[in-house]
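Here is what TrEMBL says about this protein:
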- His189: active site, proton donor (ACT_SITE)
- His189, Ser190, Tyr191, Asp261: beta-D-galactose binding site (BINDING)
- Glu322: active site, proton acceptor (ACT_SITE)
Amino acid sequence: MISECQMHIASFGQTPEGQVIQIFTLEIPGVIKASIMTLGATLTELHVPDRFGKMEDVVLGFDSLEGYLQDAYQQEYCYLGATIGRVAGRTNGNRFEIEGRLYQLPENQGDVHLHGGVSGWDRKLWVGKPFQSENEIGVDFSLFSPNGEEGYPGNIHVSVRYAVNLEGELKISYEATTDHATIINPTNHSYFNLSGDHSETIFDHELTIPAEHYLPIDGSCFPLEELKNVSGSPFDFRKSRKIGVALAENHPQLKNGNGIDHAFKLNTSNPEIILYHPKSGRRMTCITTAPAVQVYTSNHFKGTYPGKSNSYYKQHAAICLETQGFPNAANRPDFPTIRLNPNETFESQTIFKFTIQ
């Protein structure tokens, strides 16, 4: 049993509708501290040590519930730390077909159905249940998504488990079942800045992605048809590379996304993504069972509203590593399927391991 662990459960406030939002804080002193709220099963804080043992928060967010509820944030669909579902990313044409029936998805960002729609899992009130085992402490969040919600078929029961351990790992695990054939492709949308200073950019962070191919996008960030080799492009992170150097390249794909907003096909024999901040010494290794990662360099932040500690998040203030199935996989039989059938269980896990280098 982890004797050093601490768990706190508190109220984080109420929604305008009177819903009480709980926040669960999981802490192993000096190793890792994570806070997750029931609104959106959202990771609101993640504290890890630098090379001098200083604990700092390495994810973007807000100090209070009001920040997550403000109109400016809600309208921009930034998804800070939220659980995304039913389907992450964009589905071309905002539609897909299952068993001969065409399903049309509602638009929520311009003419795009993004990250599950107008009222995706990021805006739902989840039920949290804490647990403690021999090796970790955590919270199981559960949600029921009814048939037809945001245009998707099937009644879905989904759970997301957040857990921390003495090895400095944050584990996020997903399980889901359905009573009708449907599609599911969840992810977590945390924004990482390992410096602990949210007023800074991630230009000095070094990134390694074990991927030989990425998926290009059009000017609306919809995925194109053909995977491209990363060789000779800003998307070649097979060897550790500063993010600022990659973003400074003159490449049409960077213009389409205003930075990196692309899916990478992960090398299944070594699916370890590494983010490193030389000044602090913090190193984050991301290990996942998912076939792809959507890398997003917070391209559309404008510094229009204050985040934690009154920091105004600027463009490229953080990076998202959204481990998931491929975007538009519902319409691409050549991609790993995101279809879920009755009597099946969807399972996926991503581990963020923090060490010092």
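Just so it is clear, glycine is given a Cβ too, placed from its N, Cα and C backbone atoms.
Positions of TrEMBL features highlighted on the structure.
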| residue | record | Cβ neighbours (10 Å) |
| --- | --- | --- |
| His189 | active site, proton donor | 23 |
| Ser190 | beta-D-galactose binding site | 25 |
| Tyr191 | beta-D-galactose binding site | 26 |
| Asp261 | beta-D-galactose binding site | 20 |
| Glu322 | active site, proton acceptor | 23 |
Identify all same-chain residues not among His189, Ser190, Tyr191, Asp261 whose C-beta atom falls within 8 angstroms of the centroid of the beta-D-galactose site's C-beta atoms; report them in sequence order.
-> Cys78, Tyr79, Leu80, Phe192, Tyr296, Ser298, Ala318, Ile319, Cys320, Leu321, Glu322
Write down the Cα-Cα distance for Glu322 (active site, proton acceptor) and Ser190 (beta-D-galactose binding site), rounded and given in Å.
-> 8
Name the secondary structure element type, per DSSP in three states, that contains the residue listed as 'active site, proton donor'.
-> coil
Pairwise CA distances across His189, Ser190, Tyr191, Asp261 (listed as binding beta-D-galactose) top out, in Å, at 14
Compute the C-alpha separation of Asp261 (beta-D-galactose binding site) from Glu322 (active site, proton acceptor), stating it in Å without decimals.
-> 10
Round to the nearest Å and give the CA-to-CA distance linking the residue listed as 'active site, proton donor' with Glu322 (active site, proton acceptor).
-> 6
CA pair the residue listed as 'active site, proton acceptor' / Tyr191 (beta-D-galactose binding site), Å rounded to integer, equals 10
